[in-house]
Amino acid sequence: MKRPVTAALAVVGYLIMIVPIVFVVATAFTAGSTLRFPPDGFSLRWFGEAFAYEPFVEATISSVQLAVLAAALALLIGVPATLAIHRGRIPGKGLVEGLFLSPLIVPELVVGLALFQQLMVGLDLDNFTALLVGHTALMLPYAVRVTGASLALADPALEEAARGLGASPLRAFVNVTLPVLRPGIFSAGLLSVVTSFNNVPLSLLLQGRDFRTLPVTMLDYVQQSYDPMVAAASTLILAATVVIAVIAERTVGFAKIFGGISR
Amino acid sequence: MTAAAELIGVTQRFGSFTAVDAVDLAVPPGKLTTLLGPSGCGKTTTLRMIAGYSAPTSGTIRIDGIDSTRTPPEKRNLGMVFQSYALFPHMTVADNVGYGLKLRKVPAAERRARVMETLELVGLAHLAGRKPKKLSGGQQQRVALARAIAIRPRLLLLDEPLSNLDARLRVQMRTEIRRIQAETELTVILVTHDQDEALEMSDEMVIMNEGRIVQQGAPQQVFPRPADRFVAEFLGYENFLTAADGTPLTIRPEHLRLAEQAPGLPATVADVAFRGVDLLVSLDVVDPSGATVRLLADVRGGTAPAPGSSVTVVTPDDHLVRLPR
Ligand SMILES: Nc1ncnc2c1ncn2[C@@H]1O[C@H](COP(=O)(O)OP(=O)(O)OP(=O)(O)O)[C@@H](O)[C@H]1O
Ligand SMILES: [Mg+2]
C-alpha cells in the first residue's frame, strides 16, 4: 500500500459499515428470544416467524409491487429522455439532464414533504400513487445515468454501418443501438428495484393505512417489540439485495453506473 | 465511360471552417482509387459525403451518373468499412455479414450461401459462428470487409482500413485487398495517409491537402512527377534546390550521386549516417542559383566520405523534377 493513512481509513470505514451488519445477521440465527449478541444457540426459528408474520408478508408484496412499477416507469421515462438529450437537437441539453439527475441531490425528506403536500393533501391522491411518483423520481437518475453511459460507450459508427447496409434510422436504432444499451438498461432496472425496495425516508413520509412498504412496517414493528424476527427479515432483504447487486455488477459494473455523476 | 462516383464542386463547411473545398473528382469504375493526404486534409469528410453520412454544403455528388447528393445512406447501396470496423458486437460474424442481405429480404438459404461465400473470399469461413469480440484486429477487419462486400455494393469505401493493424499485417492486407478487389471487380475508394500504401495499392491516386485535390493520376505518373512542393515532400522528395533561372527543383535522396570531381555541384559533407544497407549523407551544396542548401544523399556501396571533406554532387537530369514557382 502506497498510502497507509488512506488504507487505514478505508479499513475503518468498512468496519463501521460491516460490523453492525454482522451483528444483525448473527442475531437472526439465534435460538433465544431477544436481540442479543452473541446469540443464544443456533436456529432458523425467527426466519419461520418472519415468513408467518402477516404484516411483513403483505408489506413485502407491496414493496415489490412499488419497486417494480417505479423502476419500470423510471426506465420508460428516463431511457427515451436520455436518448433525446444525447442524440436529439434539444436546446439546453445540460439543463434537462441536470433536471433528471437532481433527485440525487435534493434531500429525500424535502421531496417527500413536497409530494405529500402537493399530491396527497393538495390533489387528494392515495398514498400509493404518491409513493409511485416519489420513487419513480428517485429512480430517474439511475435510468438517465446508465443509459447515458452506455450510449457514450456505443460507437456512433455502429448505427452508421447499419444505415449503410440498408437500414432506416429507426431500424438501425432498434437492431443495433438498443441491443448495445440493453445490459445497461437491465442493470439500471435492477438497481432501481433495490433502491426503491430499501427506501425509508420517502416511504415513511408517504405511508398510509392501506399501503405500506416493508422497511416502514419493520420500523413500526421495532418500536413495539424487540425480538430477532426483524433481524431475520433484514437478513433476508440483505441476501436478496446482494444477489441483485451482483447480477447488476456482472452485466455492467458499478463504476459505469455511479462513475462521474458530477462529470 | 461514366464515372462510378463523381464529385462536382463539392464543398463541406463546419461553421466557418472549410474541410473540403470545391472538390472535383471522377472515380473510374472497376478500379482502386486512393484518397491520400495528411491528417485533417478532408479525406474522411469526402468519403462520408460519398457514403451519404453528411450532405455537402454545396456541390453535386453523382453515383453511377445519378445525382445522389441528398440520398440517405440506406438508399445508396454502398459498402463502407469504418476505421473502427463498427462490427455489431451482439451478432455473430455470419449475422454481421448477413445483416445487409437480411434487410434486402434475401431468403435465408440464399443468404447463408452468400455469407459463407463472402467469408471464404476473406478467408474467415471457419469463424462464422464467433462474436466479433473474440476475433483479432486483422480478423475483425476482414469481417468488416466481408460485411461491406456481401451486399454487392456499387462502391466499396474504405476509411484507413489498415491503420489499426500491426506493421506486418498491414503490408499483408494490402495485397489481400487488391486480390479481393480484382476478384469482385468492385470500384474501391480507399482513404489513407500512408504514401507507400497508396503507391502500392492504387490504380489511381488522389492527393489532397487542406480540403483540395492537389494531384491525381496513376502512381507511375504521380510518383516521378510531383505537381508541387507539397506533393513532393509528401512522397519523400527531401531535396529542394533552385535552377540557374530560378525554377524550383526537387530530387529524391536515392537519385543523388557523389563524385570525385566536376561536372556537378560543389559540396561539403556535413554528416554521415550508417543505416545497414545504405548510407545517408548530409551535404551542404551550392546549387545552380548560387545558394547553399542542405541536401540528403542515400548512397549504396562505396566508401563513406569523411565529414568535412569536399565532394561533387551529381543530379541526373532525368531524375530532377521541375516544380511550379
Ligand atoms: N463534424 C465536424 N465538425 C467540425 N469539424 C470537423 C468535423 N468533421 C471533420 N472536421 C474537421 O475537418 C477537417 C477534415 O477532417 P477529416 O476527418 O476529413 O480529415 P482526414 O483527412 O480524414 O484526417 P485523418 O487522417 O486524421 O483521419 C479536420 O480539420 C476536422 O477537424
Ligand atoms: Mg480520417
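In case you wondered, yes, glycine gets a Cβ from its N, Cα and C as well.
Please treat TrEMBL annotations as automatic predictions, because they have not gone through curation.
Over in TrEMBL, the protein carries these features:
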type	residues	note
TRANSMEM	A:7-29	transmembrane segment
DOMAIN	A:60-248	domain 'ABC transmembrane type-1'
TRANSMEM	A:64-86	transmembrane segment
TRANSMEM	A:98-116	transmembrane segment
TRANSMEM	A:128-144	transmembrane segment
TRANSMEM	A:185-206	transmembrane segment
TRANSMEM	A:226-248	transmembrane segment
Subject >> Whether the transmembrane segment (A:98-116) meets the transmembrane segment (A:185-206): three or more C-beta pairs under 8 angstroms >> reply: yes
Original post:
Same-chain Cβ contacts of the transmembrane segment (A:128-144) under 8 Å, 6 or more residues past its ends?
Top reply: 66-67, 69-71, 73-75, 77-79, 81-82, 85, 97, 100-104, 108, 111-112, 115-116, 119-120, 185, 188, 191-192, 195-196, 199, 202-203, 206, 208, 211, 213, 257, 261
Subject >> Distant-in-sequence neighbours of the transmembrane segment (A:7-29), which means Cβ under 8 A and at least six residues beyond its ends >> reply: 1, 35-39, 42-44, 46-47, 228, 231-232, 234-235, 238
